[in-house]
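Participant: One structure coming up, written as C-alpha coordinates, with questions to follow.
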(Lines of atoms letter the chains of each structure in order from A; the text may use other names.)
(Lines give C-alpha, C1' and ligand atoms only; values in the text may rest on other atoms or scores of the structure.)
Protein backbone atom coordinates (compact mmCIF):
# COMPACT_ATOMS: atom_id res chain seq x y z
CA UNK A 1 0.00 0.00 0.00
CA UNK A 2 1.38 3.42 -0.99
CA UNK A 3 2.35 5.86 1.72
CA UNK A 4 3.15 9.54 1.17
CA UNK A 5 2.79 11.79 4.19
CA UNK A 6 4.31 14.83 5.87
CA UNK A 7 5.29 14.80 9.55
CA UNK A 8 5.59 18.23 11.18
CA UNK A 9 8.46 18.41 13.67
CA UNK A 10 8.36 22.19 13.98
CA UNK A 11 6.45 25.10 12.43
CA UNK A 12 7.64 28.14 14.38
CA UNK A 13 9.79 31.02 13.13
CA UNK A 14 13.19 32.28 14.28
CA UNK A 15 12.37 33.39 17.84
CA UNK A 16 12.13 30.31 20.09
CA UNK A 17 8.76 29.90 21.77
CA UNK A 18 7.15 27.38 24.10
CA UNK A 19 4.25 26.79 21.71
CA UNK A 20 6.22 25.88 18.60
CA UNK A 21 9.45 24.14 17.67
CA UNK A 22 11.69 25.49 14.94
CA UNK A 23 11.29 24.54 11.30
CA UNK A 24 11.62 20.88 10.39
CA UNK A 25 9.54 18.30 8.55
CA UNK A 26 9.80 14.66 7.58
CA UNK A 27 8.46 13.41 4.27
CA UNK A 28 7.59 9.72 4.57
CA UNK A 29 7.40 7.96 1.22
CA UNK A 30 6.69 4.26 1.60
CA UNK A 31 8.68 4.10 4.83
CA UNK A 32 11.73 6.01 3.59
CA UNK A 33 12.22 9.30 5.43
CA UNK A 34 13.43 12.60 3.98
CA UNK A 35 14.00 15.61 6.25
CA UNK A 36 13.29 19.19 5.21
CA UNK A 37 15.15 21.75 7.33
CA UNK A 38 16.55 21.02 10.77
CA UNK A 39 16.00 23.75 13.34
CA UNK A 40 17.33 23.46 16.89
CA UNK A 41 15.91 20.49 18.77
CA UNK A 42 14.58 18.71 15.70
CA UNK A 43 16.06 15.45 16.96
CA UNK A 44 13.80 15.66 20.04
CA UNK A 45 10.64 15.86 17.95
CA UNK A 46 12.02 13.16 15.67
CA UNK A 47 12.20 10.77 18.61
CA UNK A 48 8.92 11.97 20.12
CA UNK A 49 7.13 10.99 16.90
CA UNK A 50 8.70 7.51 17.04
CA UNK A 51 10.29 7.91 13.63
CA UNK A 52 12.89 5.32 12.65
CA UNK A 53 16.31 6.96 12.54
CA UNK A 54 17.73 4.26 10.26
CA UNK A 55 15.18 5.28 7.61
CA UNK A 56 16.49 8.86 7.39
CA UNK A 57 19.37 9.18 4.93
CA UNK A 58 18.68 12.48 3.15
CA UNK A 59 18.28 16.00 4.57
CA UNK A 60 17.31 19.06 2.52
CA UNK A 61 18.17 22.51 3.94
CA UNK A 62 16.32 25.47 2.44
CA UNK A 63 18.73 28.18 3.58
CA UNK A 64 21.41 29.04 6.10
CA UNK A 65 19.42 30.81 8.80
CA UNK A 66 19.83 29.24 12.21
CA UNK A 67 16.20 28.31 12.74
CA UNK A 68 16.45 26.05 9.68
CA UNK A 69 19.86 24.42 10.18
CA UNK A 70 21.19 24.72 13.76
CA UNK A 71 19.72 21.30 14.59
CA UNK A 72 22.07 19.46 12.24
CA UNK A 73 24.82 18.97 14.82
CA UNK A 74 22.35 17.66 17.40
CA UNK A 75 20.89 15.28 14.86
CA UNK A 76 24.34 13.93 13.96
CA UNK A 77 25.06 13.50 17.67
CA UNK A 78 21.85 11.51 18.14
CA UNK A 79 22.75 9.28 15.21
CA UNK A 80 26.19 8.59 16.71
CA UNK A 81 24.64 7.64 20.06
CA UNK A 82 22.15 5.35 18.34
CA UNK A 83 24.90 3.51 16.50
CA UNK A 84 24.38 4.75 12.97
CA UNK A 85 26.84 3.46 10.35
CA UNK A 86 25.09 4.47 7.10
CA UNK A 87 26.14 7.67 5.32
CA UNK A 88 24.01 10.79 5.81
CA UNK A 89 23.47 13.07 2.80
CA UNK A 90 22.78 16.80 3.18
CA UNK A 91 21.56 18.89 0.23
CA UNK A 92 22.01 22.61 0.71
CA UNK A 93 23.74 25.86 -0.19
CA UNK A 94 27.46 25.38 -1.04
CA UNK A 95 28.50 27.18 2.17
CA UNK A 96 26.92 24.47 4.34
CA UNK A 97 29.93 22.17 4.10
CA UNK A 98 32.50 24.78 5.13
CA UNK A 99 30.29 25.84 8.06
CA UNK A 100 29.37 22.44 9.48
CA UNK A 101 32.18 20.08 8.51
CA UNK A 102 34.71 21.65 10.93
CA UNK A 103 32.19 21.35 13.78
CA UNK A 104 31.47 17.73 12.93
CA UNK A 105 35.20 16.93 12.84
CA UNK A 106 35.79 18.74 16.13
CA UNK A 107 33.00 17.10 18.13
CA UNK A 108 33.12 13.63 16.55
CA UNK A 109 36.72 12.46 16.25
CA UNK A 110 35.80 9.02 14.94
CA UNK A 111 32.46 9.41 13.20
CA UNK A 112 31.17 5.91 12.32
CA UNK A 113 29.48 7.21 9.16
CA UNK A 114 30.14 9.83 6.52
CA UNK A 115 28.25 13.12 6.31
CA UNK A 116 28.14 13.81 2.58
CA UNK A 117 27.33 17.35 1.46
CA UNK A 118 25.60 17.88 -1.89
CA UNK A 119 25.68 21.59 -2.85
CA UNK A 120 23.19 23.11 -5.27
CA UNK A 121 22.71 26.46 -6.97
CA UNK A 122 19.95 28.31 -5.04
CA UNK A 123 19.36 30.78 -7.86
CA UNK A 124 17.73 28.36 -10.29
CA UNK A 125 15.31 25.46 -10.20
CA UNK A 126 16.75 22.02 -10.79
CA UNK A 127 16.65 18.33 -9.97
CA UNK A 128 18.89 17.71 -6.94
CA UNK A 129 17.89 14.20 -5.90
CA UNK A 130 16.42 11.13 -7.54
CA UNK A 131 15.94 7.53 -6.51
CA UNK A 132 13.62 4.75 -7.64
CA UNK A 133 10.47 6.34 -6.22
CA UNK A 134 11.13 10.07 -5.79
CA UNK A 135 12.47 13.19 -7.45
CA UNK A 136 13.29 16.40 -5.54
CA UNK A 137 13.54 19.77 -7.27
CA UNK A 138 14.59 23.15 -5.89
CA UNK A 139 12.24 26.14 -6.00
CA UNK A 140 14.15 29.47 -5.85
CA UNK A 141 12.56 31.81 -3.29
CA UNK A 142 13.11 35.45 -2.35
CA UNK A 143 14.50 35.98 1.15
CA UNK A 144 17.30 37.90 2.86
CA UNK A 145 19.80 35.14 2.06
CA UNK A 146 19.82 32.64 -0.84
CA UNK A 147 16.84 30.37 -0.20
CA UNK A 148 15.00 27.59 -1.96
CA UNK A 149 11.86 25.60 -1.46
CA UNK A 150 11.58 21.95 -2.42
CA UNK A 151 9.23 20.04 -4.66
CA UNK A 152 8.86 16.35 -3.78
CA UNK A 153 7.50 14.45 -6.74
CA UNK A 154 6.56 10.81 -6.43
CA UNK A 155 7.38 8.81 -9.52
CA UNK A 156 4.36 7.21 -11.22
CA UNK A 157 3.82 3.50 -10.65
CA UNK A 158 3.35 1.17 -13.61
CA UNK A 159 2.03 -2.39 -13.68
CA UNK A 160 3.64 -4.90 -16.02
CA UNK A 161 2.04 -7.87 -17.70
CA UNK A 162 2.69 -10.83 -15.41
CA UNK A 163 3.99 -12.82 -18.35
CA UNK A 164 6.62 -10.24 -19.20
CA UNK A 165 9.90 -9.66 -17.42
CA UNK A 166 10.67 -6.16 -16.24
CA UNK A 167 12.77 -5.01 -19.14
CA UNK A 168 12.61 -4.68 -22.88
CA UNK A 169 10.85 -7.47 -24.81
CA UNK A 170 12.34 -8.87 -28.01
CA UNK A 171 9.95 -10.31 -30.60
CA UNK A 172 10.71 -13.32 -32.80
CA UNK A 173 11.70 -10.87 -35.50
CA UNK A 174 14.34 -9.37 -33.20
CA UNK A 175 12.35 -6.16 -32.85
CA UNK A 176 12.83 -4.60 -29.44
CA UNK A 177 9.68 -3.39 -27.72
CA UNK A 178 10.11 -0.85 -24.95
CA UNK A 179 8.99 -1.98 -21.51
CA UNK A 180 6.75 1.11 -21.35
CA UNK A 181 4.61 -0.44 -24.09
CA UNK A 182 4.06 -3.52 -21.95
CA UNK A 183 2.85 -1.68 -18.87
CA UNK A 184 -0.01 0.51 -17.75
CA UNK A 185 -0.18 3.40 -15.32
CA UNK A 186 -1.31 2.07 -11.93
CA UNK A 187 -1.37 5.37 -10.06
CA UNK A 188 -0.70 9.02 -10.68
CA UNK A 189 2.22 10.59 -8.87
CA UNK A 190 1.62 12.90 -5.92
CA UNK A 191 3.53 16.13 -5.35
CA UNK A 192 4.37 18.14 -2.25
CA UNK A 193 5.84 21.66 -2.32
CA UNK A 194 7.60 23.26 0.64
CA UNK A 195 8.10 27.05 0.44
CA UNK A 196 9.73 28.74 3.43
CA UNK A 197 11.10 31.45 3.87
CA UNK A 198 10.03 33.98 1.25
CA UNK A 199 8.23 37.19 0.47
CA UNK A 200 5.16 37.06 -1.75
CA UNK A 201 6.83 35.76 -4.88
CA UNK A 202 4.71 34.98 -7.94
CA UNK A 203 7.67 33.48 -9.81
CA UNK A 204 7.17 30.22 -7.91
CA UNK A 205 3.65 29.68 -9.28
CA UNK A 206 4.65 27.78 -12.46
CA UNK A 207 6.87 25.47 -10.37
CA UNK A 208 4.13 24.45 -7.93
CA UNK A 209 1.02 24.50 -10.11
CA UNK A 210 -1.42 21.74 -9.22
CA UNK A 211 0.53 20.20 -6.34
CA UNK A 212 -1.42 18.00 -3.94
CA UNK A 213 -0.16 19.92 -0.91
CA UNK A 214 1.60 23.27 -0.59
CA UNK A 215 3.34 24.28 2.63
CA UNK A 216 3.83 28.05 2.49
CA UNK A 217 5.20 30.23 5.21
CA UNK A 218 2.71 32.57 6.89
CA UNK A 219 4.90 34.34 9.41
CA UNK A 220 2.68 37.39 9.71
CA UNK A 221 -0.88 38.61 9.61
CA UNK A 222 -1.93 40.96 6.85
CA UNK A 223 -2.05 43.76 9.42
CA UNK A 224 1.74 43.36 9.75
CA UNK A 225 2.55 43.51 6.04
CA UNK A 226 5.14 46.23 6.58
CA UNK A 227 7.05 43.95 8.94
CA UNK A 228 6.68 41.04 6.52
CA UNK A 229 8.16 43.12 3.71
CA UNK A 230 10.99 44.36 5.92
CA UNK A 231 12.00 40.84 6.96
CA UNK A 232 11.31 39.18 3.58
CA UNK A 233 8.48 37.03 4.87
CA UNK A 234 4.85 36.46 3.83
CA UNK A 235 1.44 36.92 5.38
CA UNK A 236 -1.22 34.22 5.59
CA UNK A 237 -3.28 36.07 3.01
CA UNK A 238 -0.34 36.25 0.61
CA UNK A 239 0.21 32.49 1.00
CA UNK A 240 -3.42 31.89 0.09
CA UNK A 241 -3.09 34.08 -3.01
CA UNK A 242 -0.17 31.95 -4.17
CA UNK A 243 -2.15 28.76 -3.49
CA UNK A 244 -5.14 30.01 -5.47
CA UNK A 245 -3.04 31.21 -8.39
CA UNK A 246 -1.18 27.88 -8.52
CA UNK A 247 -4.42 25.89 -8.30
CA UNK A 248 -3.03 23.65 -5.56
CA UNK A 249 -5.28 21.11 -3.88
CA UNK A 250 -4.52 21.99 -0.26
CA UNK A 251 -2.55 24.72 1.54
CA UNK A 252 -0.78 24.30 4.87
CA UNK A 253 0.42 27.41 6.69
CA UNK A 254 3.47 27.48 8.96
CA UNK A 255 6.57 29.37 10.18
CA UNK A 256 4.41 31.33 12.61
CA UNK A 257 5.71 34.43 14.37
CA UNK A 258 6.04 34.13 18.14
CA UNK A 259 4.19 37.44 18.50
CA UNK A 260 0.83 35.72 17.96
CA UNK A 261 -0.50 33.66 20.90
CA UNK A 262 -3.04 31.97 18.62
CA UNK A 263 -2.83 31.45 14.84
CA UNK A 264 -6.56 30.87 14.29
CA UNK A 265 -7.00 34.35 12.86
CA UNK A 266 -4.22 33.63 10.34
CA UNK A 267 -6.20 30.62 9.19
CA UNK A 268 -9.31 32.76 8.76
CA UNK A 269 -7.37 35.34 6.74
CA UNK A 270 -6.20 32.63 4.35
CA UNK A 271 -9.50 30.75 4.10
CA UNK A 272 -11.27 33.87 2.84
CA UNK A 273 -9.24 33.45 -0.35
CA UNK A 274 -8.37 29.75 -0.36
CA UNK A 275 -10.86 27.72 1.73
CA UNK A 276 -8.92 24.43 1.71
CA UNK A 277 -6.29 25.76 4.10
CA UNK A 278 -5.02 24.26 7.36
CA UNK A 279 -2.54 25.25 10.05
CA UNK A 280 0.58 23.20 10.64
CA UNK A 281 1.13 21.99 14.19
CA UNK A 282 3.84 19.99 15.89
CA UNK A 283 3.55 16.20 15.58
CA UNK A 284 0.90 16.51 12.89
CA UNK A 285 0.93 13.72 10.31
CA UNK A 286 -0.71 14.75 7.07
CA UNK A 287 -1.29 12.12 4.36
CA UNK A 288 -0.84 13.39 0.81
CA UNK A 289 -2.18 10.29 -0.93
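Backbone N, Cα and C atoms are what each Cβ position is placed from, and that goes for glycine too.
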Participant: For the Zn(2+) 1 site that Swiss-Prot lists with 63, 65, 197, give the additional residue from the candidates 118, 143.
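Facilitator: Looking through 118, 143, the residue Swiss-Prot assigns to the Zn(2+) 1 site is 143.
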Participant: Please report how many Å separate the Cα atom of residue 143 (Zn(2+) 1 binding site) from that of residue 67 (active site, proton acceptor), as a whole number.
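Facilitator: Residue 143 (Zn(2+) 1 binding site) to residue 67 (active site, proton acceptor), Cα-Cα distance: 14 Å.
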Participant: State the Cα to Cα distance, in Å, between residue 68 (Zn(2+) 2 binding site) and residue 197 (Zn(2+) 1 binding site), rounded to an integer.
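Facilitator: The separation of the Cα atoms works out to 10 Å.
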Participant: In Å, rounded, how far does the Cα of residue 255 (Zn(2+) 2 binding site) sit from the Cα of residue 197 (Zn(2+) 1 binding site)?
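Facilitator: Just about 8 Å between their Cα atoms.
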